[in-house]
Amino acid sequence: MDARASSLDSRTSSLSSGRYTAQHSTEYLQVAIEDGRNMDNWAENSVQRFLAGDDDKKLPAHLVWKPDQLARFNSHKLPCWVLRSISAPGGPRDVLWANKAARQKLGHPRTRADTLDWELFARLREEAIDVEIDGKVEGCYLCVVEKELSADQLRSEAVHSFSPIHSFLFGQDGQLLFANDKAAAHLVAKGLTDLRNYTLADLLRVNDTPQVALAKSAARIICELKQPHHSLTLSNPRRDGSPRHTQFEMWPASDPVDSLVPAMVVSAFDVTDQKRTELELQAFKSSLQRHNTELQYQVEESVTKQARLEEQRMSLQNRLKDALQMHMVPRTKLDTSSPIDQTVGLLEGLLEGHQPSIDAIVRLRNTLLQSSDLRRIANLKRQLMHHDHISEDASEALATLLQDDNSAPKPSLLRHPSSKRHRAEIRHINGDLATDGAVEGPNGQQHDAGPSLSITPAVERMLQEAHSSWTFDVRQLDEATEGHSLSCLAFWLFQQGNLMEMYDIPDRKFADFMIAIETGYPSNPYHNRVHAACVLHISHQLMNCIGGLKDAGLITSTLEAAMYLAAICHDYGHPGVTNDFLVNSHHPMAVIYNDKSPLENHHASASSQLLFNHFQDCEGAGAFQAGGFEKQVQRQESQMSDVEMRRSSSPAPKADGPPPEQRLLALQVALKCADVGHLALPWEQHMYWVDQLQEEFFLQGDRERQGGLDVSALMDRHKESRLSNSQVGFFEVVVLPMFQSMVAVIPGAQVMLNLVSENYLTWRSLQDQTTS
C-alpha cells in the first residue's frame, strides 16, 4: 500500500507540473481504482468544509473525480467551476464543468474568458484536482468564489495600495472612476453632490478654472508614458485671501474592473497646512530646545548651588562642632588629677630636663600632706563648690560619688552613739531595706526560679532590633515579655554569640541562672532588672558595633561573655539606697565589707556565688570567674576618679595587642558608660530614667528622715534642689569627659557621644530658661 501511495504521489507531481502523458493517466487511474480512492469514499462534510474556505481542510489527496461526482458542488451558493489545465497551444483554458450558481451568473461558460468578470470582481480560491475524462486522468483546477466584490471595492483596494488619504482614480480620458472616503468627503464639503461627471481637470483647477490642458498632459505622461511617479503644485486663494498650495502626486495604474483600461491614481495634499504644521512643529522643537537649554542651565546652576550649600553646611557643621566643644567645656575647669598624678608629672618633667618652679614643689608638698588617699582627686569638693553650673547640694553629691568617701565617720552617727532611740531608728531603717524578692547571697539561699523563658515571634523581632539599634527602648521588651526583659535579652545574646555552646553551658541551666538573677533584682524605681537589661543592651552595642571593642582588638570571646555577665549582675540585689546610707545606718552589708563600697562588693560577691551555684558542674564556665573581670569592674564603679586619672595619663590602646591593664581599663570605662547609658538615649527615654532615679533618691531621703538621719543632697522631696538642677554640672564634670575618653578608644560609640551632647545642650537650654 505504501509503494502504491508513493507511485501515486509521483504521478500527482507529474500532473501538477504539466508533464502529463497518456501512460501516466492510465496508470494513475488504475492505481486509484485499485486503492478504492474515489468520490464515493469522500465524506460529505469534507466537501462542505472545503467550500466554506477552511484552510485546514484540503481535498483528499490522490482522489480522482468523475464528472458526475462534481455535481456535489451544485449546493454551493457562490459560483464554482473546473478549468482544464491542458488546452490548445496559445488558447484559453476550457471550462470542464460549472455549478448551478456559475451557470446562472455566467450562462454556460465554456472558456476562461467566460469567467473573467468573476475573476476580476471576486476573490477566488483555486485547488488542483484530478478528473477522469474519457477514461483518462487529467489535471484540472477547481475555482471556488469565496467573496463577490463590487467595482468600488476593487478600485478602493487598488487606490489604497498607493495612498490611504485624499486619493482618486481617473481613467485615461480624465473621467473620475473612484474617490476614497476622504477624497469624496472633501468634494462633498465643497458642494459637489454628483461625482460621476467629475474630471481630472476639475481637480487641477486654478482660481476656480479647470485646467483641461494640464489634465490632458498629466494623463498622457502617466497613462501613456507610464512615468513611475509625478507631482505638481498648484496655488489657489482661500476664502480669507491667504494662499493655499496643493500638491498632487500621480501614479500609473490600471482599472481593476477592466485590466485593459489604463488609469491613474491621484492624491492631493494641502501643502500650506502641511507647511504650517511643519513650521509649528519646528517652532515647538525650537521652543523645546530653548527650554531644554534653560533646564540644563538650571541643573548646572542647581549643582553649583548645591555644592555651595554643601560647603556652607560643612562650614556651619565645623562651626557648630567648635561651638559645642566650647560650650561643653566648663567655664571653671576641674582639675581631676590626684596627688600621685601630680607627683608623677613632676618627676617625668625632671627626667625630661625640665626644672619645676618652687611654687609647684610647695603646692605638691602641701597636697601630699593634706591627702589621705594619693589616688583621689585633690581638693575635689572645694573645686566643685566653685564650679559655674553646680549647686551646693549637687557639689556634695558629686564629691560623694567621685570620691566614695564612706570610710570616714559621719557626724550624724556621732551625735548620740549610745542613744537607744538612735539604735532603734537604725534597726527600723534596715528593716525597711528588705527587697521584694529574696536574694541568693554567699550562704547559698535559694529562691523561686520563676517561669521558664519563652521567646515569641513578636519578642524575637524586638530582640533583633535591640541587636542592631543603639536607641532601642528596653521598656517595650520588658512589657512584651511580662517583666523578663533581662533574661530574654541575655539568653538571646548568648545564643547569637554562640557562647553557651562555646563554654558547654546547657540552655536550661543558663535560663535557670538568668531567672535567678532577674528575681534577685528588687522592684526599685531605678536600680531594677529593666535598668540591668538597658546596661546589657548598650554593652552589647559597644562590643559589636563597627569600630567597637571587637574591631579595636580589645575583647576576646571570654571577655565578651564576662562583659555580658558583668552588665547582667552589676546591680544584683541592689537595695535602692547609696553606700553612704548603708554605712550611716550600720547596715549589715556595710558591716560585712568594713564600710568599703558595700554595694559594689555585695553585687560582685552575691552574683559570683550565684554563678558558682549554677555552673559549678560546667567545666567551660570556669573561665568567667578565672578572669575575675566582673569583680574588678564592680570595684571600678566606686573608684571612678582612678579611671579618670588613668584616662589622662594612659596612651590609646593599639589594635595589634594592647597591654592587659589598658584592655581592662577600656572594658571598665565601656561598662561604666553603659551603666549611665540612658544619658545617650533619646530625650524621652533619658528623662524617664532621670525621673526614676529621682524617685529612688526621694525614697532614700524619706527613710533618712524617718530614721533621724540627715537627708542626703538631692534626696529631699521637700526641697527644690533636685537632679534636674544639677544635670549641667554633672554632664560637664563627669559625663562628657568620660564619653569623650570612651570614643577615643571606641570610635563606633560616636553616636552615643552625639546623643549625650544633644541631651547636654537641652539641659543647658532648660537651665538658661530657668535663670533668665
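From the backbone N, Cα and C atoms, a Cβ is placed for every residue, glycine too.
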Where TrEMBL places coiled coil among the ranges 19-46, 103-130, 299-326: 299-326
For the domain 'PDEase' (451-770), the mean pLDDT of the predicted model: 85
C-alpha spacing of Q727 (AMP binding site) relative to H570 (Zn(2+) 1 binding site), in angstrom: 24
Zn(2+) 1 site shell beyond H531, H570, D571, D675, criterion: Cβ within 8 Å of Cβ centroid: H527, A532, V535, A567, H574
Maximum Cα-Cα separation in Å among residues H527, N528, R529, V530, H531, D571, D675, Q727, which the record lists as binding AMP: 24
Neighbourhood of R529 (AMP binding site) by C-beta distance under 8 A, where only residues 6 or more apart in the same chain count: D478, G483, S485, L486, E518, Y521
Binding-site residues compared (D571, D675) - highest count of Cβ atoms within 10 Å: D571
Pairwise Cα distance for D675 (AMP binding site)/H527 (active site, proton donor) [Å, integer]: 10
